[in-house]
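**Student:** Not my notes, these are from Swiss-Prot:
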- 32-52: transmembrane segment (TRANSMEM)
- Cys35: heme c binding site (BINDING)
- His86, His187: heme b 2 binding site (BINDING)
- 90-110: transmembrane segment (TRANSMEM)
- His100, His202: heme b 1 binding site (BINDING)
- 116-136: transmembrane segment (TRANSMEM)
- 186-206: transmembrane segment (TRANSMEM)
Amino acid sequence: MSKVYDWFEERLEIQAIADDITSKYVPPHVNIFHCLGGITLTCFLVQVATGFAMTFYYRPTVTEAFASVQYIMTEANFGWLIRSVHRWSASMMVLMMILHVFRVYLTGGFKKPRELTWVTGVVLAVLTASFGVTGYSLPRDQIGYWAVKIVTGVPDAIPVIGSPLVELLRGSASVGQSTLTRFYSLHTFVLPLLTAVFMLMHFPMIRKQGISGPL
């Protein structure tokens, strides 16, 4: 085993990378509230894992979506647990994200030289809210249907471009199969990909600039 490690160490300098990660200076004023971003990340990883598991059973069609969710909850092995964890972790992710934004704002973490860190964080917050909106529609129940109908109907009040925006969001004039397909694609592919990209920008900037000072 040591020979295998030595082979990788010679080529990749794994130990130097590990030392750099573990030896980062942590300011003395850091407290539990500085962990809110990390908790949000943990919730996101839980969402990815449980969401991926449910894709094996979920069917994104208006005729089968609700029945497939029922199957997950009542017949699939540990399906009720996986969906429950996904649901509660989603709520926790939103809550931790909101608290994290407040903590950063109140401690001045958005000020120079951390403006770009703040901007990427705001984008991640918007993406998190978008996860909630798109995911809410997937069970295709009454609550999800009317929530999506109301949310996608909001742009209709905008002059000139309102109606085209509504049709763009729904895929048609009304909430139907096109809407479910679009929201499923957004929820399972587009939003996770964008979130991963902005996280890969957000974290290195935190690593480079460090944590903002105390109040």
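Even glycines carry a Cβ here, placed using N, Cα and C.
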**Student:** Say you check the Cα of His202 (heme b 1 binding site) against those of the binding-site residues Cys35, His86, His187; which is nearest?
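**Tutor:** Closest recorded candidate to His202 (heme b 1 binding site) by Cα: Cys35.
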**Student:** Any contact between the transmembrane segment (186-206) and the transmembrane segment (32-52)? By contact I mean 3+ C-beta pairs closer than 8 Å, pairs at least 6 apart along the chain.
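**Tutor:** Contact between the transmembrane segment (32-52) and the transmembrane segment (186-206): present, because at least 3 Cβ pairs are under 8 Å.
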**Student:** In angstrom units, rounded to an integer, how far apart are the Cα atoms of Cys35 (heme c binding site) and His100 (heme b 1 binding site)?
**Tutor:** 8
**Student:** Looking only at Cβ atoms, how many others are within 10 Å of the one on His86 (heme b 2 binding site)?
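**Tutor:** 19, counting other Cβ atoms within 10 Å of His86 (heme b 2 binding site).
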**Student:** Could you round the CA separation between His86 (heme b 2 binding site) and His100 (heme b 1 binding site) to a whole angstrom and send it over?
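**Tutor:** Spelling it out, the Cα of His86 (heme b 2 binding site) and the Cα of His100 (heme b 1 binding site) are 20 Å apart.
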**Student:** Return the count of C-beta atoms lying within 10 angstroms of the C-beta of Cys35 (heme c binding site), excluding that atom itself.
**Tutor:** 14
**Student:** Around His202 (heme b 1 binding site), how many other CB atoms lie within 10 A of its CB?
**Tutor:** 21
**Student:** What's the number of neighbouring CB atoms sitting within 10 A of the CB on His100 (heme b 1 binding site)?
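**Tutor:** A count of 23.
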